[in-house]
Amino acid sequence: MDLTLSRADYLQVGVTSQKTMKLLPTSRQRATQKVVIGDQDGVVMCFGMKKGEAVSVFKTLPGQKVSRLELGGALNTPQEKIFIAAGSEIRGFTKRGKQFLSFETNLTESIKAMYISGSDLFLSASYIYNHYCDCKDQNYYLSGDKINDVICLPVERLSRVTPVLACQDRVLRVLQGSDVTYEIEVPGPPTVLALHNGDGGDSGEGLLFGTSDGRLGLIQITASKPIHKWEIRNDKKRGGILCLDSFDIMGDGVKDLLVGRDDGMVEVYSFENANEPVLRFDQMLSESVTSVQGGCVGKDGYDEIVLATYSGWVTGLTTEPTHKESGPGEELKLNQEMQNKIASLRTELEHLQLKVLQERENYQQSSQSSQAKSTVPSFSINDKFTLNKDDASYSLVLEVRTAIDNVLIQSDVPIDLLDVDKNSAVVSFSSCDTESNDNFLLATYRCQANTTRLELKIRSIEGQYGTLQAYVTPRIQPKTCQVRQYHIKPLSLHQRTHFIDHDRPMNTLTLTGQFSFAEVHSWAVLCLPEVPEKPPAGECATFYFQNTFLDTQLECAYRKGEGIFKSDNISTISILKDVLSKEATKRKINLNISYEINEVSVKHTLKLIHPKLEYQLLLAKKVQLIDALKELQVHEGNTSFLIPEYRCILEEADHLQEEYKKQPAHLERLYGMITDLFIDKFKFKGTNVKTKVPVLLEILDSYDQNTLISFFDAA
């Protein structure tokens, strides 16, 4: 059965945060429901739909940004009380809009996530988790990394309070009181948690999670251990998951899974055999989906998926057909309805145009008066800078409420800009004078009309570190611009992992000296991505990393006065040694640096590079042949005389050229890594081999793995 849904935009509020829109329950089945939504202006609004128009039930005054919105009430009764988190305060409203609760938590950080179950309130700020019962403090936990979401398994079904935290370090932490019962490793940083089927599924222990790299999974949280049920990989390279809900939109009696992503994709998964879900519907919106709910809003009897987007649009994807089968009388009625709607829209448009003119005049007068202060219009930017494991590139996403005019990208380190299929902006490069002003890249993206979201792909070079800056100019008057900065770290292509292979040949770098635990941790933050800014609790820390480009690994273990770094790639150790000694000198700390180099690790790293280098050389060779083969094809009229290998190249010509175009400087990057490996191997022996680099490049041009290994051994 295919699902056909029609889009209907209901209204627009201010910019919204993740999970800030809910549908209020009704007593009648498939009756229209009220929508309640909170925005970053601090306004909470509840509305319903009548005759195609949004009618407000209540609307609060602006205040602190609403970071979460949840529904609550006594257990086993309709959950129709509205709770919002704003700053460090929790406020409660009835469905009519009367405020009945104002609870100041006195947390030092703003609340990021909230969950309500009966009289239990679960909150998390960046690193702190608190559990309150009837607004009295019960439990507390300090997490080692940022907490992205919090949830509790259904107390009414399990008779135990089991909160679960989704933490940035790719771990779900299951709590009992103020202690961690156990940790669950997940494939990406979890951004959202939801109960399976809205109630924990058959067992009451089913927990859904979505990650920032677009993966989706179900885990059964038993009292003693987790049971992994299924996991869906993000093979289509879609955005990160921001919201989840369970609702029977297919109408087959089984609840479906609704998913909203940060690239605007909405998906419906159905459970056909009660095992792994199957994708049944997807639709792309132009901006990130911050909340998703299943219910009935537009018209009685028609189920729909209700969405809230970043810029504040509340949109429905409804099962109500747009073109109805009707008789002559009905058709006349429909035409009259349509004409009335067009007339009301025209009136509204004229009113808005008049209002814009008035506001523009007011602005001109206020800006020209002698007492006028600088009135620069403010706008919010939703940005995300993340490393993609699949192609070892960084994804930079910039999203603005109004249309983007242009984005200027500036970098003081060498980086490559890669093609993005979703990107329709026109890019132009400016020449850079790297010697006088440290500019390695200046690129301008000119966006097409109504572009509110821009995605860029960037590849950095390990060992080269600095800052990438994005200057974002939206289409608003007067012209204004905001700058966002992103740090490109010395080991920028490394990603956190839960375990490494200890049997690999490892090189070791040991630092000792008069430095504190906080200082050595700050050095790890400087060198590596995905390290929490705050030092972990305890006296020592251990982190594992994997290089997304080469699959080499790194182990960092440090405490006060000692740091031990192990890697199977000498170049990683060399970069760490250079950066850490530079930092220690800057802070006037005397460092004792010692290292153990394992000769076998060089051959091991070359073997890891080999398949990638071989593939790129073969790809370059095939692309070079395409033009000549096409000429032969035109000359001869067919390709039957060619050997199968050449015929295959012609058949795949478009795909090969596309692949080659997508990976600019890939071969040069691999050559650079092998050259660095060669120089670093001998640098630790105290030998300068830079004069032998031209010979190495000649060997690479006529590449043979054994010849290369022999050259490394003989040099």
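Glycine too: its Cβ is placed from the backbone N, Cα and C atoms.
Keep in mind that this is a model prediction, so the values were computed, not measured.
Lifted from TrEMBL, the feature list:
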| type | residues | note |
| --- | --- | --- |
| DOMAIN | 21-319 | domain 'BBS7 beta-propeller' |
| COILED | 335-362 | coiled coil |
| DOMAIN | 377-486 | domain 'BBS7 GAE' |
| DOMAIN | 494-596 | domain 'BBS7 platform' |
| DOMAIN | 599-712 | domain 'BBS7 helical hairpin' |
Item checked: Residue distribution over DSSP helix, strand and coil in the domain 'BBS7 platform' (494-596) -> 28 helix, 38 strand, 37 coil
Checklist line | Residue counts (helix, strand, coil, in that order) that DSSP gives for the domain 'BBS7 helical hairpin' (599-712) | finding: 93 helix, 0 strand, 21 coil
Check: Can you name the far-off residues of the same chain, 6+ from the ends of the coiled coil (335-362), with a Cβ under 8 Å from a Cβ of it?
Finding: 52, 477
Next item on the list: Please work out the mean pLDDT for the residues of the domain 'BBS7 helical hairpin' (599-712).
Entry: 83
